[in-house]
C-alpha cells in the first residue's frame with residue numbers, strides 16, 4: 001500500500017479543498033470543473049473514478065451517483081504549484097453536464113452575449129428520473 | 001460598443017473572482033489555471049489576450065508581461081453555472097508555465113508519487129532574464 005505523501009503535497013485551500021478540472025482523455029475536451037477535498041481525491045485515486053466534494057451539499061459527490069455518468073480516471077495530474085488537479089477521464093455515457101450536454105462549457109461569448117453552442121444529448125428529466 | 005450584461009451574468013466569488021482555465025485551442029491541452037476579476041475578464045475580451053488577476057500580488061496580471069508568453073484568445077467560454085471561465089488560446093512561445101514547460105500540469109500521479117512528465121523547453125532564468 002502506498003503512503004499518502006502525495007496528498008500531503010497538495011496545497012489545500014483554507015477550507016481543505018482543491019479545484020479539479022475533468023478533461024476527456026481522448027478528445028482533450030474540458031468537461032467540467034469541481035472541487036475535491038482530501039478524502040475525495042484519495043477515493044478517486046483508489047477507485048479510479050472521480051469523486052468530488054459538493055460545496056453546496058457539504059458532502060462527497062461520487063460523480064454519476066444519480067445520473068450514471070461516472071468518470072473513469074486514466075490519469076491524475078497536478079500543476080506546478082500543486083494547487084489544481086487535472087483528471088484525464090473517460091466519460092461514461094458521453095455526458096458530463098447536468099443539462100444533458102457533453103461538456104459544462106457550452107456557453108461561448110459571441111458579440112457580447114453568451115450563446116449555448118453545444119447540443120443537449122439527453123433530456124435532464126430522463127437523466128435524473130425519479131424511481 | 002457592446003454592453004456588459006455578459007459580465008453581470010458571471011457568478012463572481014465573494015472576492016469578486018472567477019476561476020479561469022486556459023486550454024490550447026489547437027491541441028486541447030490544458031495549459032494553466034488562474035483567476036480573473038471583472039476588470040481582467042473585460043480586458044481579456046476587449047484585447048483578445050488573457051489578462052488574469054494575481055491573488056498573491058493583488059493586481060491585474062497580463063499573461064506574458066514579463067515572459068513574453070502572451071495568450072491570444074480564440075474563444076471565451078463559461079460553464080453551465082456561469083462560475084468558471086474557459087479560454088481557448090494560442091500560446092505564444094509554446095510555453096505557459098513559469099518552469100519553462102508547455103503546460104503547468106506536468107506532474108502525473110504514478111505509484112503514489114507525483115512525477116514530472118513534461119520536458120522543460122526553456123530555462124526559467126532565460127525566460128525571466130533581468131534587463
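Yeah, the Cβs are placed from backbone N, Cα and C, and that goes for glycine too.
All annotation found in TrEMBL is predicted automatically rather than curated by experts.
Annotation source TrEMBL lists domain 'Phosphoribosyl-AMP cyclohydrolase' at B:32-106.
As annotated by TrEMBL, Mg(2+) binding site applies to B:79, B:81, B:83. Within 10 Å of the C-beta atom of residue B:81 (Mg(2+) binding site) sit 11 other C-beta atoms, taking all shown protein chains into account.
Taken from TrEMBL, the feature Zn(2+) binding site applies to B:80, B:97, B:104. Residue B:80 (Zn(2+) binding site) has a Cβ environment of 18 other Cβ atoms inside 10 Å.
Other Cβ atoms within 10 Å of the Cβ of residue B:104 (Zn(2+) binding site), summed over all protein chains shown, number 24. Annotation for the binding-site residues B:79, B:83: lowest Cβ count within 10 Å of the residue's own Cβ, B:83. Cα to Cα, residue B:81 (Mg(2+) binding site) and residue B:97 (Zn(2+) binding site) are separated by 28 Å.
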